[in-house]
């Protein structure tokens with residue numbers, strides 16, 4: 001009786017002390033994300049990518065079936081995930097940018113827990129500030145928008161975080177929940193399927209792999225594939241997902257051909273080798289400090305370039321540091337290995353083949369691995385807060401300057417004078433240059449002039465023929481085999497051939 005009462009009292013005390021810290025961390029994540037949207041995310045717009053995932057989500061919400069009605073070389077896990085964006089009150093695109101920044105911040109926190117081995121509630125102000133700064137570096141000048149790579153990073157990071165907690169506590173919910181997230185990550189982008197494969201291999205070799213582990217990992221893929229198959233989209237799904245060209249981490253090797261990048265990586269490798277050979281902390285301080293300085297300078301001098309070499313350089317520096325830490329401690333730094341693996345997976349891309357979306361996490365991981373060899377000090381809370389504020393403000397300044405000079409596929413900040421909210425309420429809060437504004441205004445005018453809620457449109461160029469348009473639609477969707485009435489729609493610089501609402505392909509819908 002007394003033991004039971006004591007245990008309940010202790011659990012209540014731990015819970016009471018935990019929630020204020022959880023609330024504090026949730027608060028800084030929301031504040032940082034709100035600032036990033038207000039100062040960075042709402043400036044600059046390009047219709048090629050921004051809105052791409054949301055458009056897919058809109059189509060799924062209106063009853064279209066993945067791969068049968070929506071052609072995609074990637075699984076549409078991200079489109080399914082971002083249907084939730086439509087439920088949040090507020091301008092759709094602004095809400096979506098806020099959610100994207102929250103995803104980046106949460107993923108950075110999850111990976112920091114894996115690397116440091118410390119629960120979030122035990123973090124002090126210094127580590128919290130470093131993680132917040134790392135999340136801004138992870139953003140760099142990538143556009144804040146719903147995107148499959150960001151979703152995959154979030155799901156893998158949180159999946160590993162939950163799985164780690166489940167393995168340590170023995171609880172089933174975090175273990176199986178983490179495996180479910182890893183299975184879902186594989187259906188945001190094919191490269192993240194390796195996360196599930198590596199995790200199951202790890203469980204098989206280091207823990208007991210059960211049937212439930214396999215079932216929870218396969219739960220989302222089975223549900224997705226089963227729904228598509230029952231809806232008649234199995235064959236198109238196989239053709240679309242299997243017909244794309246593969247990607248491999250070629251950039252990780254070709255970066256050595258760049259003289260500046262090669263020099264930086266050789267300096268880092270030399271410092272790491274010296275730290276390993278000296279071994280003793282007193283002697284290894286200098287090479288450890290030099291390695292840390294190299295990692296920081298790579299970030300400072302990167303200009304936060306999109307898909308820049310700096311992300312690949314940081315990946316190699318982390319690989320060197322991880323190997324040294326492994327040799328010095330005689331055990332694998334699993335958190336750092338997880339970050340390396342996730343960085344490689346995120347860089348397996350057709351158009352964004354650098355792990356810059358994890359650039360801040362890569363640099364932070366290097367510093368954490370070097371910590372045992374770095375000079376020790378015991379700063380008070382006030383000193384930790386001061387250092388954290390300085391680091392966060394400095395990182396914010398670097399990010400703002402880089403973004404103002406070069407927003408994603410848009411003009412510099414001072415030329416973004418047009419408010420897209422005057423075109424459509426969903427675009428409220430976003431600003432772009434006058435030329436892009438006029439382009440999007442024309443699209444909106446065409447949509448209003450030629451509504452197609454019950455029709456299919458095959459976009460063509462003005463010189464295209466009706467036969468070519470029909471063949472193109474048939475090739476991509478397999479559902480426009482008849483019903484093209486030949487009536488050409490011209491609206492400004494846009495033209496298209498429209499399917500009649502009574503065509504055979506529409507009657508099948």
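Keep in mind that glycine also has a Cβ here, set from the backbone N, Cα and C atoms.
According to TrEMBL, the transmembrane segment annotation covers 92-116, 122-139, 179-204, 211-230, 261-278, 285-304, 310-328, 335-352, 379-400.
Looking at which of 122-139, 179-204, 261-278, 285-304, 335-352 has the most CB pairs under 8 Å to the transmembrane segment (310-328), the answer is the stretch 261-278.
Only sequence-distant pairs (6 or more apart) were considered; of these, at least three Cβ pairs between the transmembrane segment (122-139) and the transmembrane segment (379-400) are under 8 A, so the stretches are in contact. Remark: the transmembrane segment (179-204) makes no contact with the transmembrane segment (285-304), by the rule of 3 or more CB pairs under 8 A. Cβ atoms under 8 Å from those of the transmembrane segment (261-278) belong to residues 255, 284, 287-288, 290-291, 294-295, 298, 309, 312-313, 316-317, 320-321, 323-324, 327-328, 373 of the same chain, restricted to positions at least 6 beyond its ends. The list of residues near the transmembrane segment (335-352) in space but at least 6 beyond its ends in sequence, with Cβ under 8 angstroms from a Cβ of it, reads 111, 113-117, 149, 152-153, 156-157, 160, 191-192, 194-195, 198, 244-245, 247-249, 251-252, 306-307, 311-312, 315, 318-319, 321-322, 325, 358, 361-362, 365, 368-369.
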